[in-house]
Every structure is written in structure tokens, then in C-alpha cells.
Amino acid sequence: MNKIEAEKGISTKPKTDKEVLLDIQNLKTYYPVKGGFLKRTVGNVKAVDDISFTINKGETLGLVGESGCGKSTTGRTILRLLKPTEGKIIFEGKDITTISGTRLRKARQDFQMVFQDPYASLNPTQSVGEIISEPLKNYKSMSKKDIKDEVMDLLSRVGLPPEAYHKYGHEFSGGQRQRIGIARALALKPKLIIADEPVSALDVSVQSQVLNLLKELQDEFKLTYLFIAHDLSVVKHMSDRIGVMYLGNLVEIATNDSLYAEPLHPYTQALISAIPEPNPKKRKKRIILQGDVPSPQNPPSGCPFHTRCPMAKEECSKVKPILKEVKPGHHVACILY
Amino acid sequence: MVNVTAGTAKPQEKSINMSPFAIARRKFLRNKLAMISSFFLLTVIIFSFLAPYITTQDITKVNISLMSLEPGGEHVLGTDKSGRDVFTRLLYGGRISLVVGFSCTALVILFGTVVGSIAGFYGGVVDSILMRFTDFVLNFPFLVFVIVLNTILFGIVNGLYVLIGVISLLSWGGVARIVRSKILAEKENEYILAAISIGCKPSKVIIRHLLPNVLSTIIVQATILFASMIVAESALSFLGFGVPQSIPSWGNMLSASQEADVLRDKPWIWMPPAIILVITILSINFIGEGLKDAFNPKSQR
Ligand SMILES: Nc1ncnc2c1ncn2[C@@H]1O[C@H](COP(=O)(O)OP(=O)(O)O)[C@@H](O)[C@H]1O
Ligand SMILES: [Mg+2]
């Protein structure tokens, strides 16, 4: 019987017809730079400079790029923790770019964040029980007992002992603190979780445990992830699709397999060549990029990558390439394609 | 006892389940100088507030037959030039000095924290406006303002309230600046972003998340302020612009020493308030140091 129902499910919802959960259109986030003795705005750090992508329900989109390329800013802007300078954020068909006050607070239930720094992301004056119950108290009219039961349940789901309830953050290791942060993000049963480098501050031995936990929770709660990381090897195991960022721009976005099998953008090629390959026969020549990342306050004209690109041509400095689909589901922003 | 090592728990003895404040309290209780100072301050407070039960002497009635008596006998610390008992006035004076100091501190901390935390949390235009206003208040000529207001309001409002109000209104600027800078640093932590994303209103983010984490700074500031407010009261009263002359305070008692013969020949009139003032200020400062140490996560124990 189950089988029939399952087949029915598939037939009514073909795999190609994916539901879009999040639609980002031409998003820009600039940080104003104040200067001079009157503290006037003298420039902008173009941390996110016109990016567009979508995330489908239930999938994990990985977002990679070097440190400082604007990944955190992207994540925080999507959650409306930062004010977007331009563009649109559409969540479940609703435009949340400009909502504020009570409407924004209501909307926040559906999207949560797991933060990068396991030490700074927990309030040192709150006990674990207070930290995890706070989202419930903010939104749900539940009795004290129900809240406590719910928190206990969350603790066990993220693999923490019940005794953790009365303890404080400083009594835990980095990995455990990250689990506390995950439980807090999970408390409201959100639809989207943005994980901003959730394991980059952890010991390598603990990283895979936390990654596995995130995967298990995704299946259990039908979560959609935007998974941010600064190296491709972590993202590879987590994502269905991967977006590559450089200097506030999205330079390539493709399915996991397609990106690894055939990276198109010269920057992606360089990143992939930098992943350590244990098999010496498969090893390819590592592409070493020349020069430094330009300042996002004063980005190069044309293609943002042309100053370091081994394949740069003259027109690269003049025309900014737009992201276009060169193969089904594989988008790249480069004039070579 | 034997199978204690069974778990992987660290041998961290009793620091289990302790909030940062519980840890600070334990450190403070182990600080001898701070504990002695607390004990002394508490004694002064208790004696001052139990004054009516300790002595039955009248604090205001002038008694010409008992003028400037030396210590001893019925008057433990002697009498002043109007024949009033110095010991009694010391106790009642402590009451006024402590109440003025405490009220000013409380008001200053309240104004300063509200202004500083709102400016620091919201930033931008709100911050600019509030901080310019703070600068304006900080640059106000304090003494002139006190004297003018005291003169205008004399007889209309109780002089004591005028004094507390004026000192408080002109003194919160420093606290506002310190609280703002602490909040600015603290709000960069990701737990503030987390608080916003789990649906806390701005007021809740400030009260539940930011203020508890800058509370140690505020408490230390409050102790320093408490000492300087007592000094301010004494100084103003000494100059004759503070607590009305009819009410005894340590500052008012000290102002008797402005007369040369009192200063030279009758030390029992001005020495007791001077000594008690110095020791009180010192112990408040030691308590402040102890608190600072206790809240510092880098100090031992
Ligand atoms: N609050 C801020 N004010 C000004 N510039 C900022 C701020 N936060 C980040 N930036 C700048 O924006 C750029 C992108 O930062 P971020 O989004 O944190 O990158 P990533 O997460 O990819 O490391 C960097 O150049 C960084 O210096
Ligand atoms: Mg980041």
C-alpha cells in the first residue's frame, strides 16, 4: 500500500518540477565607509554585488568562496539581519525584502541561522535551557512544562545529554556548542536554515560529526539548507548544488556532479585544483592564482576576476559577464562560454 | 569516591552549572580587602540608618550652654559651636550623605544606561543625536548650574531633591559613553544576530542579551560613581551650595572647619566627618576594585 502511495506521489510530482523556496534576485549589500571629519559616507564596501540564485525545497545549496568574498553578508542579508542595498528576496513566493516590524518578526520563524563562531554565538549569561527555549517563548504560547519538554527533545535530537539543560555555554567544547546553536535554530521548525561555515572553527575530528548531524536533521525535518563554506571539500559532501562566489559576485552555479566533473569558470577550476587528491594518478596540476584579491571597496571594472585570471583577455576588463546557462542547470559568468 | 574517574568529566571541582555571575560572586567573596571594605561600609550604613535608635540627642536644636564641648562624658565626640552633639550629627549626616550619594548614583546609572544602550544598539542617526546631546550635557558648567538652580528653586522645592536632581541630570554623560562603547563592542557578537533571528524585539535584545553582558562594567561604574557622588555632595555642601544648612550631612559638618578657630583649636568638630568620609570613600573604591577583579575572566580563582 505504501508503495502505491509512494508511486502516486512521484507521478503527481515529477522530479523536474521542483518547488522554489527562496528566490534571490539581483541582491546587493553594501557597507558604507565613513570618512572625513564629518563622518560622511565616502564609499561603499561592495560585499555582495548583484547576485541571483534560487534554492528549491528540500535541497542543499552550497556557497563557497575565499574568506571576505561576501558569503556571510549574503546569508545575513537573506535573513534580513542586514539591510539589502538593492534587489529582491522572495521566500515562498512572498517578497520579504522590505517588510519590517511585526511582519518581519513573524516571518523570521521560517528561516534560521547556524553561526560560524561557536563561542560568540551563544550568550554567555544564559543557560542552555534558556538559549533553546527563547525562540519558543517568543513565538509560541506554550506552558512552561511543554516548553521544557520540547527543549529536552531538541537536546536529545542534536545529541546532547539532558544535564546540558542547566549548564552554561562555557562548560562545553566547540562541537557541543555548535550543537546547542543547531538546537536553537531548529526550535521553531524553520523551513530554511542558513549554515554559515558551521564547522570551520571546529577540530577536524568533530567536523564530520556535526556535518552528519546536519544531514540527519535535514531528512528528519525536511529542511532546506544554504550551506556556506570557504573550501570545496566540506561543501562537496553536503550539497546538491554549489554556487561559487568571488568578490561579491556569483561566478558559477551548478549541480554538485557537474561542477566537479567539469568546472567552467577559471576561478572554480583553480579552487578545485587546490583540493588535496589522495590518489596520485588522478592528481592534476594545481593552478596557482597570481596576485591578491582586489578590495571590494574598489572592485575591478568588467569581470571581477580578470586581474587574477590565467585566461584573461582584453575585453574582460571592459564587459562584466552575466551568469548564463551553458548546460542544463550549469550557469557560469565568463566570456569564454 | 573511587569511581569518580569513570566519566570523562574534567576535575573542575565545583564550577559545574555556574553562571558567569556565580563565578564572579565566588571570586569576590575570596577577596579579603573587598570583604573588609564591604563589612565597614555595611556598618556605616547600618549605624546611619539606625541613628534614631542609637542616640536620642536633638540634631537641630541650638543649645548655647553646651557650645563647643570637648569629647567625653555625655557627648562622646563633643559638641559643635551651636552646642549640638557631634556623634548624633555624624550618624544623621551619614544618612543624608549616603542617601544623596545613592540616589544620584541610581539616577545617573539609569539615565546613562538607557541613553548609552539605545545609542549603541541602534547606531546611525539615533546614535549621533544622542551622543551630541551627551557631549552637550558633559560640557555644561556644573558648579554654575547647581548654584543658579539652587538659588532659583530655593524654598519652592525641598533643597535635597534639587541637589539630587541637578547632580544626576548633569552627571550621566560619562556612563552613557562607557555603556555605548561596551554595547558597540558586544553587539558584534553573533549571539545578538541569533537573538534577532529567533524573534526578540529590539527592547528584548537590549535588556536580555546586551545589558547582562555589560552589567559588570555598569556595576563597577556604579561603585566608582557612588564614591564620587558622596564626594560631590560633601564638596557642594562644604561650599554652601549643597544640602541645606539645616540638615546635617558630612559635607555640612566639614564646612565648620572654614572657621579658623575650629580648624585650629576644635578638631573634634571637623575630624570625625573627615575621617569617616575618607574611610567610606576608600572602602567603596576597594569594593569597586574587587568587583572589577571578580568580573575579569582572566584573573585567577
Ligand atoms: N560590518 C561591516 N562593515 C564594513 N565592511 C564589512 C562588514 N562586514 C564585512 N565587511 C566586508 O565585507 C566583505 C565581505 O565580508 P563577509 O561577508 O564577512 O565575507 P565572508 O563571509 O565570505 O568571509 C569583506 O571585505 C569584509 O571586510
Ligand atoms: Mg564569513
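FYI, residue positions are counted from 1 along the chain as it appears here.
Using N, Cα and C of the backbone, Cβ positions are placed for all residues, glycine too.
For B:33-54 (among others), the entry in TrEMBL reads transmembrane segment. When Cβ-Cβ distances below 8 Å are used as the criterion, the transmembrane segment (B:33-54) is approached by residues 88, 91-92, 94-95, 98, 276, 279-280, 282-284, 286-287, 289-291, 293-294 of the same chain, each at least six residues removed from its ends.
According to TrEMBL, the domain 'ABC transmembrane type-1' annotation covers B:94-288.
Here TrEMBL flags B:96-124 (among others) as transmembrane segment. Counting residues 6+ beyond its ends, the transmembrane segment (B:96-124) has Cβ neighbours under 8 Å at 44-45, 48, 130-131, 133-134, 160, 163-164, 167-169, 171-184, 187, 202, 205-206, 210-211, 214, 218, 221-222, 225-227, 229-230, 232-234, 243, 247-251, 277 in the same chain.
Remote same-chain residues near the transmembrane segment (B:136-154) are listed as 162-163, 166-167, 169-170, 172-174, 236, 241 (criterion: CB distance under 8 Å, separation of at least six residues from the stretch ends). What TrEMBL lists as transmembrane segment is B:136-154 (among others).
Here TrEMBL flags B:160-179 (among others) as transmembrane segment. Long-range Cβ contacts of the transmembrane segment (B:160-179) within its own chain (Cβ-Cβ under 8 Å, at least 6 residues beyond either end) map to 96, 100, 103-104, 107-109, 111-113, 115-117, 119-120, 130-131, 134-135, 137-138, 140, 142, 145-146, 149-150, 153, 214, 217-218, 221, 225, 229, 232-233, 236, 242-244, 247.
For B:210-232 (among others), the entry in TrEMBL reads transmembrane segment.
Residues or ranges marked as transmembrane segment in TrEMBL: B:268-288 (among others). Here the transmembrane segment (B:268-288) has Cβ contacts under 8 Å with residues 33-34, 36-38, 40-41, 44, 68, 70-71, 77-78, 80-81, 86-87, 90, 93-94, 97, 220, 223-224, 226-227, 230-231, 234, 250-251, 253-254, 256-257, 262 of the same chain, all six or more residues outside its ends.
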